[in-house]
Amino acid sequence: MNPTNPFSGQQPSAFSASSSNVGTLPSKPPFRFGQPSLFGQNSTLSGKSSGFSQVSSFPASSGVSHSSSVQTLGFTQTSSVGPFSGLEHTSTFVATSGPSSSSVLGNTGFSFKSPTSVGAFPSTSAFGQEAGEIVNSGFGKTEFSFKPLENAVFKPILGAESEPEKTQSQIASGFFTFSHPISSAPGGLAPFSFPQVTSSSATTSNFTFSKPVSSNNSLSAFTPALSNQNVEEEKRGPKSIFGSSNNSFSSFPVSSAVLGEPFQASKAGVRQGCEEAVSQVEPLPSLMKGLKRKEDQDRSPRRHGHEPAEDSDPLSRGDHPPDKRPVRLNRPRGGTLFGRTIQDVFKSNKEVGRLGNKEAKKETGFVESAESDHMAIPGGNQSVLAPSRIPGVNKEEETESREKKEDSLRGTPARQSNRSESTDSLGGLSPSEVTAIQCKNIPDYLNDRTILENHFGKIAKVQRIFTRRSKKLAVVHFFDHASAALARKKGKSLHKDMAIFWHRKKISPNKKPFSLKEKKPGDGEVSPSTEDAPFQHSPLGKAAGRTGASSLLNKSSPVKKPSLLKAHQFEGDSFDSASEGSEGLGPCVLSLSTLIGTVAETSKEKYRLLDQRDRIMRQARVKRTDLDKARTFVGTCLDMCPEKERYMRETRSQLSVFEVVPGTDQVDHAAAVKEYSRSSADQEEPLPHELRPLPVLSRTMDYLVTQIMDQKEGSLRDWYDFVWNRTRGIRKDITQQHLCDPLTVSLIEKCTRFHIHCAHFMCEEPMSSFDAKINNENMTKCLQSLKEMYQDLRNKGVFCASEAEFQGYNVLLSLNKGDILREVQQFHPAVRNSSEVKFAVQAFAALNSNNFVRFFKLVQSASYLNACLLHCYFSQIRKDALRALNFAYTVSTQRSTIFPLDGVVRMLLFRDCEEATDFLTCHGLTVSDGCVELNRSAFLEPEGLSKTRKSVFITRKLTVSVGEIVNGGPLPPVPRHTPVCSFNSQNKYIGESLAAELPVSTQRPGSDTVGGGRGEECGVEPDAPLSSLPQSLPAPAPSPVPLPPVLALTPSVAPSLFQLSVQPEPPPPEPVPMYSDEDLAQVVDELIQEALQRDCEEVGSAGAAYAAAALGVSNAAMEDLLTAATTGILRHIAAEEVSKERERREQERQRAEEERLKQERELVLSELSQGLAVELMERVMMEFVRETCSQELKNAVETDQRVRVARCCEDVCAHLVDLFLVEEIFQTAKETLQELQCFCKYLQRWREAVTARKKLRRQMRAFPAAPCCVDVSDRLRALAPSAECPIAEENLARGLLDLGHAGRLGISCTRLRRLRNKTAHQMKVQHFYQQLLSDVAWASLDLPSLVAEHLPGRQEHVFWKLVLVLPDVEEQSPESCGRILANWLKVKFMGDEGSVDDTSSDAGGIQTLSLFNSLSSKGDQMISVNVCIKVAHGALSDGAIDAVETQKDLLGASGLMLLLPPKMKSEDMAEEDVYWLSALLQLKQLLQAKPFQPALPLVVLVPSPGGDAVEKEVEDGLMLQDLVSAKLISDYTVTEIPDTINDLQGSTKVLQAVQWLVSHCPHSLDLCCQTLIQYVEDGIGHEFSGRFFHDRRERRLGGLASQEPGAIIELFNSVLQFLASVVSSEQLCDLSWPVTEFAEAGGSRLLPHLHWNAPEHLAWLKQAVLGFQLPQMDLPPLGAPWLPVCSMVVQYASQIPSSRQTQPVLQSQVENLLHRTYCRWKSKSPSPVHGAGPSVMEIPWDDLIALCINHKLRDWTPPRLPVTSEALSEDGQICVYFFKNDLKKYDVPLSWEQARLQTQKELQLREGRLAIKPFHPSANNFPIPLLHMHRNWKRSTECAQEGRIPSTEDLMRGASAEELLAQCLSSSLLLEKEENKRFEDQLQQWLSEDSGAFTDLTSLPLYLPQTLVSLSHTIEPVMKTSVTTSPQSDMMREQLQLSEATGTCLGERLKHLERLIRSSREEEVASELHLSALLDMVDI
């Protein structure tokens, strides 16, 4: 098999499949016109194109050969192709089954060295096993050597073809091939040798044949020799193959006999073979292979009833058997077919010779005109092959179209010539046989098959319809002539402009027409119409006259275009790839070099040129058949889309909206991205410049991520199709180049993320926009590729950072697969243990166990992409969950249960109730009134899973852009790249990217010259013919557009094609033409149209002359007007130029500044890069050190392990020896002990026997045989006569009894009594001790004292709330340890006086255990302690959690105490996990139910007998460290308590735990409480009043007008906005305060109400505070009249009051203020004008704003009632709570700063000073510009005494530099003296008077320190001070008053004096700093 063959399933035989549909007239073309043509069908050729309209492609079973569209070909001595062009077919006799030579067209240069016996034929037919192989022959430079034969006379028939309509894929009627592949040359073609014969005839050719000679087992091919022809015939490119306009070669079938046989055949045999070859054709079975995805496949003529012809199955003859047997052998085996073909050629040449002479003479008149439309070949010959005719094309159509082209070239009246030529060529076709009509001028909206079929179907039965919208025409075929005539008569009613003509298939008079069944019903058109060739022309004909070398693309070029059929790739026996490459390099380099400089103006021309370049390069490529030498493709494309594809898709209008220039349909080369092309069997191997390397792929993906991913404003369908298609293209390039590295992995990962995102984002889109199944398939392919790449990289030692993420995605995508866990176990340990894979495994467990609660919780906690994958299972899990709920909540099938719909929405994570209702209804359940009726019998399972909707919970997770999601992180920078262009600014091809792609040639092609009869006229004689291209090159890729011939002809091409050997015979007489009435009517119509056109041209010429005369008269008037207007325009232009010059200078300055900034930036970047380099070096060093350390550690561990193993071995051996010894010793001791025990046992038995005998003997001796009959008191004496009687008391006390002779007996009666009494006493003591101990152990804790003692800090009121978290002990027995501990812990925190009955909470929620409210002392301070204890049993239900959040049970909690249940010893890990998970669930429920801030401390009580690892086990089981890191708890401690309550150890532990909780409780909140009115007033007074009144006083004392009202109002509103933001801060919402149990409605200073920080309440407070704002007011114009200004002021004041009742109050105040202003102004103006009044600057705007503010504060009412009723206190006030520190963050608005700065500037100008100490008021002081008042007072006094003093500016205006310097020094000295004097006076006053803070007001500094601001009564005298009064008298009076009121000691005076001095210094420093800051601001 051939590894490079795209059809690897084919054997290397010539034509191994019978399904290849190749013939003259295949009845069903397998593709629509404009699509890629499968080889073997007629490729449609546009009449406007000079190249191919399709590139034929064929399936794997096809055995056809490909023909390349190269125009220049030089055959080496091994070439065995004979160049022939037939009338209807171009067939080549190929004698080899190896890879057939790609037929090329160009200068006719051949070099045949080896002699061979070849017959020359006018028709070049290819021999093959079947009619499935074509090798189009191209003409090169011919040098033939023929041995003359006397009877071999051939006359080429070239006059019947019309070049614009001829296609380049011409199929011979007979095909033969020979099975045995030859190895005579790399091309595999047999050599030829022709004797060269020269003839002066231009129309006939004599050929001589010699017996063929076999060379290297190759059969000879037949190649004709043609004599040189004159220059005139050569230049008629569109008409002639060999230079004649009418001569054409027809193709004939050739017998499969051996070539060496004599050529004997009859005419009948030739004709029969021709007809058989034509008729035996069938369409290809695989029609649509290789078609583009977006191309329309419905317009194929195959859908319109084309009748298939029979298959052609010619015999195959050769020296060796065929490589593969043909599939069908149904053709009758005829004999001497080769001879019949020769005879038919003889006769055909004789018949058409005369017609060729006539046409040759006729075309001599317009040779010069035709040359302008031909290819411009510098010094070369233009007699090259014209495009071949497609089989089945009508000769009449060819002639008519050809004549139209000739007329256009002549520039003469062409229509008459066209008609004459058309009618002359009708031949034997009768008008009654025409069954088709042609409709012209059809509008686009009517030019549709459906509309036309409906229209003509009403008239007659339509067979088929072909449309061409670009030409506004359509061809309609009927079944008979009568139907066509009726349709032609009545069909014009469709549209008024439509014209209908007969559509006839014209047949050449020199050929017998084939029957309709034998003809292919389509011509070579690009459009769907197959029979409208005569009406189409080349689009490149216009550009041909403009371009020189670029005229290669001209349709009317005389170059014979090669066939569209591709040269099929065969595998020869053996050939050297190096020699092949060297031989094929010469013509490739020359061909590519000739393309340089070719002009291609349009995108279509550029595409054709680039396509021709690619085809040449494909032919020059070395085809490797050895797998060992196979190499991986390496892409070299630098653009996101290859250049050829950009032009191709622009030509075909296949551009996306993201790739075009906005507003046009032109391609945006910078935005075009390579389109995905589906792989097919007929595709060529890609060239390097068609593949993008990895950096370009990465840049392409970056472009898609940054520029496309987030552009979803338009159609989602276009967006998804574009991104999906382009990412598939990236993946295909990766696959073709076999890329595998981390960057490649990242590209595939981004593709995967895109598909995961679309799986959820596009799930609601219709099937036409998004197919989830296809998306999942692509996602699966991406994940599979990633899996393989991860494995390959891991084998190389490379680990990918995102492997765990995508392995997790793979698991999530396969949750329904049963063996997914087995695949997970095969992951790398690091991947398997990652959080992503663990999450996927958890999802698998939840889905397969139908744990829908767990599943949806995982969805809520998952990342966005994980959630998108889990979204695919929503329908499945919801269906299973609904089934489980329906079964669980219903008793039987007869009874239904009502279930709340909200619960379903919450549990199954629906978007809303509507979506849940739809889902439930789909499953047969009824929903009504917010509830669903669960019923087992009504439950239905719909077929399949319903289409899920987008989930809002997943959408919320998309917190970043889609690009960042797909990129997996922040977006990369936007890629910048300039696309590569192979054309310069003059649209000339420069070929920049070709050098790197051509193979290096080591062999120069041989040169051979041929003399010709036209060398003098056509140019320089050629020196070296172009060698043949390698014939084993891969077939070109299918292309649905015409492929332009791009190889330019070189000057070295021979001027002639063939040299005719004998003078031709005279041509036969022309046939008599036949005309019909319809033809005459058509001619008349055309004559009328031509006459009308000439008349219109005359009228237009007269009108143009008149217009020219009128323009001449108007020019004089125009000159006068221009002269008058020029002066004004010049002035305006001069002014504009001046302004532009200024702007230019400003821009230069800005550029200089930008350059400076750029340099600084570069410096910073260099420093940063150095820093990064150092950091990177350190990081690398750290990594190497870490690796070294890890290696050393590993070695040390291994060494230590070996040592340990050795030591363990020794220990084990010693231990075993010890065990053996112990066992032996034990056995010995055991035996000895057994013996001793045996001895002792028998000895003891002996002793017992002896004792028993003694006792029996004593009893028998002492005890009577019967009881004695004596009194009880005498029985002792009777029994023991010798005993003591009575018993002595002393002996009895001693416990002795004297029995006389029997001895003394000791008794213990009293001792037993004493022992019993003692024991009973001790038992009583122990009982009471245990009872007391139990009472103490069960006693309640003194919580108030504990809290007061251990609470950090000092507080007067303490609120402490503890939550006990107890296990669920309801199901345990009363005697169980866990229940006892829970009850005991509740008793410890209950207390007698503090216990309460919590009836508000049910048993499943949180209960209030106790409340304490008492006074406790801490040191000498009494503290009010309020303690609340809450208790929670077990895990809370959802309803209980909702109740907790609603009732705010956990609000204000200060600590948590968790009691774990006693742990049962068990080895089952599942039970242990359940134990810890239940405790963790209970704890997390409470932590999540409480407010987020603050985090609480946690105490964990563990009942255990004791252990070392208890604390570690608790930390791991409850994940306490994670809770701390998540800020759910602040700290924790684990306390072990005994599991039984029998001592005080448990109480001590609990006491310590409470102390720890109190000491670690959250700090109390620093909240301030004020009423709303008080808060607003204090805030305004603190931030607004000081600034406002100071500014007002400063301006008044400085004699300035009032401040602008806009700045004052903006300052006031800014303060209110600040106050509103403080009181409604978002951080208040998360505070867990107050304690719910102690809070009161309306709130208090200690505790706010429960809803104080609710978002609704805070929003209401913000709105209420903002309700104090004033509306904006702009200052009226300075010259505004008084009355309108007053009206405006009154109207503004009317907006302030909140009610109509208070509006008159403010209105009267405003009117009073205006009246006083008017009176003051009137007093200054003795005789005011009527209606006049104060100016705008004289109106006291500050007083007006002050009145409005005061009224607003007094008259304010809330906009509406508070949201909650608890916000109102008992007295109707609303308390607000805020942080005190937040009030210190106010920033003064910029407008007020500017207003203050303007005030300072105005004061400076007014006082005539250059600089004064500026004022910068702080936030909480009221500085007053008294220094200014003092200076103004002094200046006013001096001016009153001395008159006006000139200002400083007046004095310095005319001074010199020395005078200015002296003036500056003098002024500086005066300032210093004045400052010194002021300080001395102030100090003297401080020392002399005891005024302290009540010193001289005029001497106060401008900048008051903080220490003096508190003396607010210093403002009062200033408020009353008038400018006209004496400051000294006021000062003395105030000082006396203060002196009388102050009676302080001397020490206090000194301290106060020191404080004043310090404050003065601070004020000076602050003043200087502020002044410098203001000066800097001014400079900026």
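Glycine residues also receive a Cβ, built from the backbone N, Cα and C atoms like all the rest.
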Candidates are Ser114, Ser557, Ser1373; I want to know which one Swiss-Prot annotates as phosphoserine.
Ser557
Where Swiss-Prot places region 'Interaction with ENY2' among the ranges 1207-1235, 1439-1467, 1555-1583
1207-1235
The candidate from Ser538, Ser1039, Ser1504 that Swiss-Prot records as phosphoserine is Ser538
Suppose you had to name the range Swiss-Prot annotates as region 'Interaction with ENY2'; which of 1084-1122, 1162-1200 would you pick?
1162-1200
Counting other CB atoms within 10 Å of each candidate's CB, the least crowded of the modified residues Lys489, Lys490 is Lys489
Helix, strand or coil at Lys490 (N6-acetyllysine), per DSSP?
helix
Average pLDDT across the region 'Interaction with Centrin' (1236-1256)?
92
